[in-house]
Amino acid sequence: MPQNYDYDEGSETWPFFVLTMVLAVLLPMTFIQLKKLFRNKSDEEIELEKVNKTDKLSSISDLLTNKKINKFRSKFESKTSNLFNWTNLFICVGWLVVAMLVQVISNNDKIREAAIGSFDPYDLLGVSVTASDKEIKSAYRKLSLKFHPDKVAKDITEEEKNSLEEMYVQISKAYEALTDELVKQNYLMYGHPDGPQSQTHGIALPSFLVNGLVTPIVVIFYVLVLSLVLPYLVSKWWSKTQSYTRKGIHIKTASHFVDRMINYKPSEIVTVDLIIEWLSHAEEFKLLFPSLNSSDFKRLLYSHINRTSVKDSEEDIKFRIVAKCHRLLNGLLDIACGFRNLEIAMASLDTFKCIVQAIPNTEYSEILQLPHVDKEHFIDNSEGIHTLGKLFTYSDEKIGKILGVKDEQQLKETLSVASHLPILKVIRAEFKVPGEKFVVTSSVPHLNLKLLVRSAKHKYIPIDKFTDELLAEEEDFESQRDPFAMVLEQPLLPYSYAPYFPTKRVNNWYCLVSLQKDNKIIQTPVPVERLSFRNLDKDLDKRLIKELDDKNFDPSEWEIGTFKVPLGQPAPKEKGDAYFRIVLKSTDYFGSDLDFTVEMKVRDPVEEKVEEVYSEEDEDEDSEDSEDEDESDEEDESDSDYTDIDTDTEDEDEDESNEKK
């Protein structure tokens, strides 16, 4: 074994080593970036664009969003689409280094000589690796006649003569390597017909880097890379992968939420203020702005909710922590459902609304979410109005005076938003089992909801207007095999009206299912992500239409949405009745929530009677009063077993009646 090592003075090795290391990093990065730049939009993205082109709320939201938020949004959105970023710059520099290394390798004579010096009998004879013995022999004869020392010209130089002789020797060795068994064995084993060749051991660095004055620098560089930089990068990657939960919130934030849930006292009143206090301790905020504390974050969150100004230097800070609240509240909602705590889950969604609409949670929130409303003027002149349904019992001119909106164009925008905020009405709610007429013991049922999306401006629509034929679902094999497939056929929800939220967002309703007897949530929340809003464009002004008839209302022209919730547990093993509280809460809009009870009647498989899952007796009793309750949104819901959470009070009804008198 040689005692001394040769250094790479001729740059025969180190360019290949560096090239390999650079390409190992550069190729995957380039592939990922190209995929981001040139990827085709998904079907959902294309569908969402189409939905938003015709949606009035999203267009008004864009119109009313101020310059500061638009600037922040453009900065936020450019992170994923901008060509000029540090990653792309690094890739360009990397490929420039690759080009330089390739140039160094291609211009290196020693590398070229080493490549020429490698022994390949097939290449020397000019035959393919599948050539027969006859073809090999024929090729050898032709080359022998050309390069044999006795056949070369006499007037060539000594250097050319030696080159031809060397070529003849190589041709002879190539022929023997393919025909002589002993020589062929040497070639196959050692890569050369003469057997093992001399080997040199070297270091892929020039000698001046090892033996010169720069030796300490090289040693320090290796120590830094191997003992500091590489472990730091690996630990940072590992820490990042282990520091966030499945919902994308930091484990310290999740631990804080869990600790608050464990120490939660049932006697404690859960409010939006409590949830804001929990959010202010989020680790995400501390990582973004380590110089600030929870009091600062709490102050900035309240400044957003109350629409108060902050210092110019704090504007971006406020926008960033508000934008983070979306993920944090989703994580808190998931944890609350894990603890089966309905109260905290509902408070989390109420906080969602406050942050999205930038208004506090008060009795006036449903009205104050509208644009251009003069808050102080409205509260002083509200006349007991707390809901959009009650607001639309007045003329447009009167509404402008109540809200303090004097400009005609602004009033149009206010009324347009008010009439296009979606309100849900339950047409039918039942538990179903695919292939069964009723819920049988130990079966796996799902909650099937038929929902009417309507406007607060619309005339009251009795649920009996929608016949069983309009609500019927396909009963074929495919529908029974996958009963949730029809939900995916509905359009995606459009962008929300949220001009104060730092990023564009899509409204959801979360469905919370709990047992009526103890109010404990029985499964994770299920989002409503697909529902048609086309009904909101229909002209059914309750101030103009006194009574529904065939001329002004055709139920077949109205779209009934379907939402299905798979239950996380099977039906009881014994027959009986079970009652479930169903809460549908919007993440973005006040006045769009539903809270109702659904009965599950579990029967033995031998029973054939089809049971209804809601009480028709209550429906009949409530419907007697429907003729006198046309004038407000919540009064419209009175004949249904499924009632909106935000209902008008009796005092509002009396105020309305007195005014009309």
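Placed from the backbone N, Cα and C atoms, the Cβ positions cover glycine too.
Feature annotations, courtesy of TrEMBL:
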- 613-661: compositional bias 'Acidic residues' (COMPBIAS)
- 120-191: domain 'J' (DOMAIN)
- 605-661: region 'Disordered' (REGION)
- 14-32: transmembrane segment (TRANSMEM)
- 83-105: transmembrane segment (TRANSMEM)
- 213-234: transmembrane segment (TRANSMEM)
> How many of the residues that make up the domain 'J' (120-191) does DSSP mark as helix, as strand and as coil?
Replying inline: 52 helix, 0 strand, 20 coil
>> How about long-range neighbours of the transmembrane segment (83-105): same chain, 6 or more residues beyond its ends, C-beta under 8 Å?
In response: 11, 15-16, 18-19, 22-23, 25-26, 29-30, 33, 37, 111
> Average pLDDT across the domain 'J' (120-191)?
Replying inline: 80
